[in-house]
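Asker: These came from TrEMBL, pasted as-is:
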type	residues	note
BINDING	S208, K228, T283, S340, R341, K347, G376, L377, E415	NADP(+) binding site
DOMAIN	12-41	domain '4Fe-4S ferredoxin-type'
DOMAIN	43-70	domain '4Fe-4S ferredoxin-type'
DOMAIN	146-268	domain 'FAD-binding FR-type'
Amino acid sequence: MNMPAAPIEVIKQHLIDPEICIRCNTCEETCPIDAITHDENNYVVKADVCNGCMACIAPCPTGAIDSWRTVFKAQAYGIEEQFGWDELPPDRPIGEAATASLQGSLVTALGAGEGATDAEDLTHTRTAMVPPWSAAKPYVNLYTHKGPVTATVVGNYRLTDASTDSDIRHIVLDFGAIPFPVLEGQSIGILPPGMTRDGKPHHARQYSIASPRNGERPGYNNLSLTVKRVTHDHEGNVAAGVCSNYLCDLRKGDVVTVIGPFGSTFLMPNHPHSHLLMICTGTGSAPMRAMTEYRRRRRLEGATGKLMLFFGARTKDELPYFGPLMNLPKDFIDTNLAFSRTPGQPKRYVQDAMRERAADLAQWLKDDQTHIYVCGLRGMEEGVLQVLQEIAQGNGLVWPALWTRLKREGRLHVETY
Ligand code: FAD
Ligand code: A2P
């Protein structure tokens with residue numbers, strides 16, 4: 001008697017395109033089941049863990065995450081193999097048997113969104129992201145690694161006091177006649193010149209845009225960045241960051257290679273009565289500056305929404321944009337600063353400043369017009385969300401329900417690095 005043939009299981013394997021990926025970690029953070037990991041070279045997807053829930057697709061700023069190959073399950077690409085890739089393997093045709101199987105029930109990673117809602121949990125970082133309903137539609141990926149654009153440096157100014165160790169710079173890039181449309185909250189990728197130790201081109205680094213959509217200078221085809229020179233790694237060891245040092249050392253007239261723009265969810269609402277609650281540390285102030293300045297320019301056109309800012313830095317002298325920020329009218333923006341290393345004063349983080357304003361923040365959380373933006377040090381993310389939770393729960397709000405609603409309505413955005 002003939003035995004039934006063993007089914008040939010075919011999967012649509014989820015991969016990440018190493019040529020487009022800017023290694024921003026968003027996918028790894030978003031994945032609800034830890035199917036994504038990385039090494040020094042690449043971000044990769046574990047075929048045996050990924051369930052195709054699609055939670056990672058929308059948040060990816062470049063679209064590198066939306067890469068798929070049809071393969072026999074037994075021959076799925078392992079993560080070690082993916083770590084070594086410089087480009088995706090070609091999409092090879094599979095045999096008829098496999099095609100038939102693909103059309104049947106054996107396709108395992110094609111859940112196309114089915115799992116997205118169930119995969120949502122309340123651990124703060126792992127929820128599908130959408131922009132506010134009134135956000136303008138962004139352009140993304142106009143320029144890629146294979147087709148980058150160049151911009152000319154028209155300004156590079158130190159924002160932090162010369163007496164401090166923090167070298168944070170305001171860098172203005174001009175695109176001349178080349179279209180580079182951006183929105184506040186988006187970022188760009190910079191391709192630093194040179195090669196890695198193993199002879200590969202450096203991968204792009206991502207930088208938030210610090211200027212409004214109509215230019216650092218209104219009506220000009222330029223944008224600004226807020227770049228911190230990395231001189232030590234996260235563990236405190238001396239390490240000269242490749243791209244940040246390159247950018248901080250640029251001079252007027254230098255030309256840089258740019259890709260992007262990126263980002264389709266961390267965007268500001270356009271309806272004039274929407275409120276912006278902005279919480280940031282260090283260079284996380286870049287998108288807040290962009291949104292604040294856009295609101296300031298629009299204010300003249302009758303915008304009534306409120307702005308509230310919580311901004312953390314080591315000291316006053318290390319807080320980028322301290323001077324201009326202090327000059328903004330109090331009835332335009334409610335600014336709360338938190339300094340962690342002011343000599344003779346206790347360490348103060350943005351979370352502490354938020355706790356002090358708990359009564360006001362509770363009113364903001366109850367207001368359907370409130371849009372919340374958190375950007376900066378990865379370490380502050382959990383603490384900030386924890387305070388929001390405490391304030392909500394202390395004021396009769398059910399945080400898990402509010403959290404879900406804020407995310408579903410595109411009113412809570414977190415970008416940390
Ligand atoms: P690398 O050569 O990549 O790294 C050198 C060493 O420093 C490594 O050990 C690395 O782990 C460590 N390191 C990397 N970054 C830091 C850091 N920030 N602090 C301490 N150690 C670090 N940066 C800005 O300055 N301004 C921005 O507006 C900005 N926006 C970003 C937006 C997004 C969405 C993301 C994902 C990142 C953003 N960054 C921003 C960080 C930026 O992309 C780079 O990671 C950063 O400039 C370091 O790059 P590098 O090439 O200089 O360092
Ligand atoms: P700290 O003095 O502890 O480093 P940086 O200068 O490294 O970009 O950091 C910006 C600010 O964010 C600093 O004041 C820093 O304080 C602060 N910070 C560090 N960790 C956290 C955290 N977990 N939550 C909030 N703020 C933090």
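Each residue, glycine too, has its Cβ placed from N, Cα and C.
Help me picture where these features are in the structure shown.
Answerer: The Cβ of E415 (NADP(+) binding site) has S208, F266, G284, P287, V374, C375 as same-chain neighbours under 8 Å, each 6 or more residues away in sequence.
Non-local neighbours of the domain '4Fe-4S ferredoxin-type' (12-41) in the same chain are 47, 49-53, 55-56, 59-65, 67-71, 76-77, 79, 82-88, 102, 107, 109-110, 119-121, 125-126, 129, 141, 144-146, 189, 203-206, 259, 262, 417; each lies 6+ residues outside the stretch with a CB under 8 Å from one of its CB atoms.
Under DSSP, the residues of the domain '4Fe-4S ferredoxin-type' (43-70) split into helix, strand and coil as follows: 0 helix, 7 strand, 21 coil.
Restricting the average to the domain 'FAD-binding FR-type' (146-268) gives a pLDDT of 96.
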Asker: When you measure from each Cβ to the nearest atom of ligand 1, which of the binding-site residues S208, T283, R341, G376, E415 fall under 6 angstroms?
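Answerer: Correct list: S208, T283, E415.
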Asker: What is the Cβ neighbour count of S208 (NADP(+) binding site) at a 10 Å cut-off, with all protein chains included?
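Answerer: A 10 Å sphere around the Cβ of S208 (NADP(+) binding site) contains 28 other Cβ atoms.
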Asker: For ligand 2, which among the binding-site residues S208, T283, R341, E415 have a CB under 6 Å from it?
Answerer: R341
Asker: Count the Cβ atoms, other than its own, that fall within 10 Å of the Cβ of G376 (NADP(+) binding site), considering every protein chain shown.
Answerer: 27
